[in-house]
Amino acid sequence: MAGGKMKKEKPQRGGAASSNPHYQGGISFHKSKGQHILKNPLLIDTIIQKAGIKSTDAILEIGPGTGNLTKKLLEAGKSVVAVEIDPRMVLELQRRFQGSPLSSRLKGIGAFGITIEIPEVDDLLAHNNNLSQRTEARVIQGDVLKCDLPYFDICVANIPYQISSPLTFKLLFHRPLFRCAVIMFQREFAMRLVAQPGDTLYCRLSVNTQLMARVFHLLKVGRNNFRPPPKVDSSVVRIEPRKLIDSFPYKDWGGLIRICFNRKNKTLGSIFKQKSVLSLLEKNYKTLKALRLSQKESSGDTDMAVALSALRDTGEDLSMEIDDDDYDDEDMGVEEHDARGSEFKNKVLGVLKKGDFEDKRSSKLTQADFMHLLSLFNEAGIHFA
Ligand SMILES: C[S@@+](CC[C@H](N)C(=O)[O-])C[C@H]1O[C@@H](n2cnc3c(N)ncnc32)[C@H](O)[C@@H]1O
């Protein structure tokens, strides 16, 4: 979770420190790492209850911080693997759980099992490079975006907001499939994840995430539940990943959705008349045609990870999507395709016409609409990747 503005301050002692929202137990919280600690025990209980954790569950927690959520996760599940980037927090977790009534269970994997392993400083690099081999580690010190995730049934986390998008897609690509992830996000990001056609926040992130998962908004969380309070509100979301379908053209889908949401409130007719779009599609079209002619047509995406990478790059959704109301066609760089390309342009517009998509806008289209549109383009030999 991120978004709160904090001034850099030196640690204080005594009463002053205990009332300072940027410190707790001698630890200063760093904005750069999105350190906003959950301080409301009732909220933590609600998250645990809504997560539907089973006593047999292996739980993944991302960013345990000082362990407020970790403690409840340990009580609810079979085991917890936590990934924490800040060595000070890892030490704090060790201190907290070794000194607690759970201490006898800290070294074993049991109902409350947690093993905290703190690598030697000069061993850190090797540790981070070999996380998958260090299966005994239960608190992994490292960047969750860079490490191999262990097996887990459920992920429950109050994350740093700045990694929301890459983390969401890392989880969606994670295999074997897990049951669900229950994650605290910045409210706006959460609303984008669950947005439906016609909602203001409906965007590429919504469409791509919902292709790969069922997503539910669980809980609104006010900023005063955190220490220090961030500048934005939060929401807890439940993500249930779907099985990937081998035959689905994920790469093509990613390309189509990227183009459609470049200006989501413009008509598709207007978007697909853009010179840059037509040039890209024509290039793909000619390349594929040449490949077919030389009988070297690819038999499809054998590497699903490569195919899915077209969906992954949605990190800019919060900042880069353009509100069309402020733009006219000149701003969009709409230019008539030159004469050589007019035949291809007619082909593209013919596809839109066939599906009655010319006057439709991406902001109102459902997953099924996009799938229909993609199949019409593909039937015409037009591909997006
Ligand atoms: C919002 S705090 C949550 C702390 C705790 N889970 C809680 O709810 O009280 C986010 C935590 O994620 C850690 N963190 C930040 N970036 C990280 C990353 N890339 N990988 C792993 N942990 C990270 C921070 O150090 C911090 O402890």
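Cβ coordinates come from backbone N, Cα and C, glycine included.
Keep in mind that TrEMBL annotations are predicted by a computer and have not been checked by a curator.
Taken from TrEMBL, the feature region 'Disordered' applies to 1-29. Annotation source TrEMBL lists compositional bias 'Basic residues' at 1-10. The feature S-adenosyl-L-methionine binding site is assigned by TrEMBL to H36, L38, G63, E84, D143, N158. Residues or ranges marked as domain 'Ribosomal RNA adenine methylase transferase N-terminal' in TrEMBL: 43-243.
Compared over the binding-site residues E84, D143, the count of CB atoms lying within 10 A of a residue's CB peaks at E84.
Summarising the environment of H36 (S-adenosyl-L-methionine binding site), the number of other Cβ atoms within 10 Å of its Cβ, over all protein chains shown, is 28. Across the residues annotated as binding S-adenosyl-L-methionine (H36, L38, G63, E84, D143, N158), the two Cα atoms farthest apart lie 20 Å from each other. Note on the domain 'Ribosomal RNA adenine methylase transferase N-terminal' (43-243): its mean pLDDT in the predicted model is 84. N158 (S-adenosyl-L-methionine binding site): 27 other CB atoms within 10 A of its CB, across all protein chains.
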